[in-house]
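Feature annotations, reproduced from Swiss-Prot:
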type	residues	note
ACT_SITE	Asp81	active site
ACT_SITE	Glu176	active site, proton acceptor
BINDING	His79, Asp142, Asp199	Zn(2+) 1 binding site
BINDING	Asp142, Glu177, His381	Zn(2+) 2 binding site
Amino acid sequence: MKQELIERFTRYVKIDTQSNEESHTVPTTPGQIEFGKLLVEELKEIGLTEVTMDDNGYVMATLPANTDKDVPVIGFLAHLDTATDFTGKNVKPQIHENFDGNAITLNEELNVVLTPEQFPELPSYKGHTIITTDGTTLLGADDKAGLTEIMVAMNHLIHNPQIKHGKIRVAFTPDEEIGRGPAHFDVEAFGASFAYTMDGGPLGGLEYESFNAAGAKLTFNGTNTHPGTAKNKMRNATKLAMEFNGYLPVEEAPEYTEGYEGFYHLLSLNGDVEQSKAYYIIRDFDRENFEARKNNVKNIVKTMQEKYGEDAVVLEMNDQYYNMLEKIEPVREIVDIAYEAMKSLDIEPNIHPIRGGTDGSQLSYMGLPTPNIFTGGENYHGKFEYVSVDTMEKAVQVIVEIARRFEEQA
């Protein structure tokens, strides 16, 4: 199983599937279509049935039941795309067997070093096989680790028919990283009563609370003139963007928050004197606080418009997803089964809120309650990203055990 995980994962991460916030196509990048087509063929090779990829790039497949019991149909999901925060092109995964727990030089030329000082969890992976980047790209364990685990788990169930299970549905979705994963997901066609996203982090992660999330695009319009004669004429769009950011509470940013604390996060800022564009994400677990944060952004924009003119700042803000807890609580047994599955495998469940989002956040509101399970990755979305193959193996075992327990309890 370990070699299959390594082989699949290292092959999958080499395919550039970064999504693109600016694109209006579905999916937003051709790499996701390419990857989806590959997975369709591999799902068929494994032996799954009803394997499809629709025009929007959503891949679905079925592992038929091997029991006569009336078992609820369950699903397992992962996403095709990788994050836009750092380059995902030309990923060169590096395999470190029997990791010694010490610093790893990812790229000697660029002096990129993965250190325990910066990442204190690193020594806990001593003895594991871990896969890192070469220091020039992200790895893409989010979510190709989860995707790999689902593929390997389905293969394992097919080759071990003594493990009884009900009908299992599998889905791989595009554009999760930009909040559009479930936008065209056909819940009815998927046909599951419940599902699990394999999109978590370290060993034991079990999550069924997520942020309420919104995205805000701000366009700042300036007036450019020669700087030598600019007095009372020039309006610097980049300075307007800086002024806007200055209104936000400094301590309410990702680098200063944890647990149930929300934040404003400036994802990118590009521009010049004439025009600048800033992209923010807004996050909070509490719905009232979430609405208050959005109103704060609107009020800052209004203040600046009154100061500089209506055209100086243009705001586009959209909700992306909501806290899934409200939809999971009525079917709490799906969390309990995952919890019991982990305990039976000597994995200590680590239940905590997702400081991020998964497709499950939106799917839960679309009628498909979907908690999230660990995949084994650390430091997502950057050059220090890595994954433990040993933990990936545990994730596969959890998928298999969840399927077995649903059948057993039917």
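Placed from the backbone N, Cα and C atoms, the Cβ positions cover glycine too.
Overlay of Swiss-Prot annotations on the structure.
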{"residue": "His79", "record": "Zn(2+) 1 binding site", "DSSP (3 states)": "strand"}
{"residue": "Asp142", "record": "Zn(2+) 1 binding site", "DSSP (3 states)": "helix"}
{"residue": "Glu176", "record": "active site, proton acceptor", "DSSP (3 states)": "helix"}
{"residue": "Asp199", "record": "Zn(2+) 1 binding site", "DSSP (3 states)": "coil"}
{"residue": "His381", "record": "Zn(2+) 2 binding site", "DSSP (3 states)": "coil"}
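Each of the recorded positions Asp81, Asp142, Glu177 was assessed for Cβ neighbours inside 10 Å, and the highest tally belongs to Asp81.
In this structure, the CA atom of Glu177 (Zn(2+) 2 binding site) is 7 Å away from the CA atom of Asp81 (active site). Other than the site residues His79, Asp142, Asp199, same-chain residues with C-beta atoms no more than 8 angstroms from the centre of those residues' C-beta atoms, the Zn(2+) 1 site, are Ala78, Asp143, Gly146, Leu147, Glu176, Glu177, Thr197, Met198, Thr358, Asp359, Thr375.
Taking CA atoms as the reference points, Asp199 (Zn(2+) 1 binding site) and Glu176 (active site, proton acceptor) are 10 Å apart. Shown are the binding-site residues His79, His381; the one with the most C-beta atoms within 10 angstroms of its own C-beta is His79. A separation of roughly 6 Å, to the nearest angstrom, links the Cα atoms of His79 (Zn(2+) 1 binding site) and Glu176 (active site, proton acceptor). Relative to His381 (Zn(2+) 2 binding site), the recorded positions with Cα atoms inside 10 Å are Asp142, the candidates having been Asp81, Asp142, Glu176. Glu176 (active site, proton acceptor) sits 7 Å from Asp81 (active site), counting Cα to Cα. The Zn(2+) 2 site, placed at the center of the C-beta atoms of Asp142, Glu177, His381, has further neighbours from the same chain whose C-beta lies within 8 angstroms: Thr82, Ala83, Thr84, Asp85, Leu138, Asp143, Tyr380.
Calculated from their C-alpha atoms, the gap between Asp81 (active site) and Asp142 (Zn(2+) 1 binding site) amounts to 8 Å. Its own atom aside, the Cβ of the residue listed as 'active site, proton acceptor' has 28 Cβ atoms within 10 angstroms in the protein chains shown.
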